[in-house]
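Record features, source TrEMBL:
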type	residues	note
ACT_SITE	A:Y108	active site
ACT_SITE	A:D149	active site, proton donor/acceptor
ACT_SITE	A:H250	active site, proton acceptor
BINDING	A:N7, A:E34, A:D149, A:N151, A:D249, A:H250	Mg(2+) binding site
DOMAIN	A:4-250	domain 'Endonuclease/exonuclease/phosphatase'
SITE	A:N151	site 'Transition state stabilizer'
SITE	A:D220	site 'Important for catalytic activity'
SITE	A:H250	site 'Interaction with DNA substrate'
Amino acid sequence: MKIATFNINGIKARIEALTEWLAEAQPDVACLQEIKSVDEAFPRAHFEDLGYNVETHGQKSFNGVAILSKLPLEDVTRGLPGDDTDEQARWIEATVVGRTAIRVCGLYLPNGNPAPGPKYDYKLAWMKRMQARVTELLATEEPLVFCGDYNVIPQPEDAAKPEDWKTDALFLPESRAAFRRLIHLGLTDAIRTRDPRPGTYTYWDFQRGAWERNNGIRIDHLLLSPQAADLMRETGIDKAVRGREKPSDHVPAWVDLDA
DNA sequence: ATGGTAGCGGTGCTA
C-alpha cells in the first residue's frame, strides 16, 4: 500500500499537476494539504473518475485537507480533537481497508510565523493537541500513519541553509522539541529512516530562485506507529514534480507498506 | 533591512 503526502497549494491551480503525478506515481492513498477550497468546490468527480474515493475537510481560501484513496475508506473523522473553538481545517482521519487496515491521519500543521506571537502560540498548542491524539491512537495498537505538512524542520541537515531559519517558527527550538516529543512516543520518521540522503528536501520557496539553487527544506513527513513501521518497504520524495509547469512549492513524499 | 512569488478572490491575508 503506497501512501503519499502532497501539499498542493490550491486544488484549483494544481488539478493538472496533481493529475499527472497521480497517473505516474499511482499512490493507493494520497493525503493532500492546502486544498484552499470548500468541500462543495472540490473537484470530487474528477478524482472519482480516476478511481479514487474522495474525502475532504475544506475551508474557504485557506488550509483544507483531503484524502484520495483507491481502497475503501472507513470511519472518516474531520478536525483535530482538543479545541472546539478551532475552525481551521487541518486534520482528517480515515481507516484504509487494504489487506491490512491502516489508520491514516492527514495533517496540515500551522506555520506559526511570525514568532513569537499568537500564531506561534497556536502552532505549539496545536502540536500539544496532536500529541494527545497520537497517544490516544497508539493505545489501539493499530498500524498508524501520520502524514502531511508538519511545518517543522526537524534537524539542521533538513535545510540547505539552516542558519537562514534560526528565528523562523519552522526551526525554533520549541517547534523542534514538540516534533521530537511526537517521535519519542514511538513514531518512526519514514523518510529519515529509509531515504536520509542530504539535499532531499520537500519544499522550495517560490521566491529568490530557491528551487534553482536547491535551497530547500524537509518539512513534509510521514510518521509511522511501530505496527506500521514493521510493514515499511520503501520510501521516496518525488522531487522532479517541483521542476514542472505550474508546480506547488512542495513535492510529494511517500511510503510503501506491506499491507 | 528589504523584497522577492504564488494562491485565493477580488482586498489583503497567508505562506
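Cβ atoms are placed via backbone N, Cα and C, with glycine included.
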*Taking the center of the Cβ atoms of A:N7, A:E34, A:D149, A:N151, A:D249, A:H250 at the recorded Mg(2+) site, which other residues in this chain have a Cβ no more than 8 Å from that point?*
A:N9, A:Q33, A:Y108, A:Y203, A:I219, A:D220, A:S248
*Could you tell me which of these recorded positions, A:N151, A:H250, has the greatest number of Cβ atoms within 10 Å of its own Cβ?*
A:N151
*Per DSSP, A:D249 (Mg(2+) binding site) is which: helix, strand or coil?*
coil
*Please list residues from the chain of A:D249 (Mg(2+) binding site) whose Cβ is under 8 angstroms from its Cβ, counting only those at least six apart in sequence.*
A:N7, A:N9, A:Y203, A:W204, A:D205, A:F206, A:R242
*Take the Cβ of A:N7 (Mg(2+) binding site) and count every other Cβ within 10 Å, whichever protein chain it belongs to.*
26
*Looking only at C-alpha atoms, tell me how far A:E34 (Mg(2+) binding site) is from A:H250 (active site, proton acceptor), rounded to the nearest Å.*
11
*Across all the protein chains here, work out how many other Cβ atoms are within 10 Å of the Cβ of A:E34 (Mg(2+) binding site).*
23
*Given the recorded positions A:D149, A:D220, which one's Cβ is surrounded by the fewest other Cβ atoms within 10 Å?*
A:D220
*List, in sequence order, the same-chain residues at least six positions removed whose CB sits under 8 Å from that of A:Y108 (active site)?*
A:N7, A:Q33, A:E34, A:N63, A:G64, A:V65, A:A89, A:R90, A:W91, A:G148, A:D149
*asked:* Distance check, please: Cα of the residue listed as 'active site, proton acceptor' against Cα of A:N151 (Mg(2+) binding site), rounded to an integer number of angstrom.
replied: 11
*Rounded Cα separation (Å) that holds between A:N151 (Mg(2+) binding site) and A:D220 (site 'Important for catalytic activity')*: 7
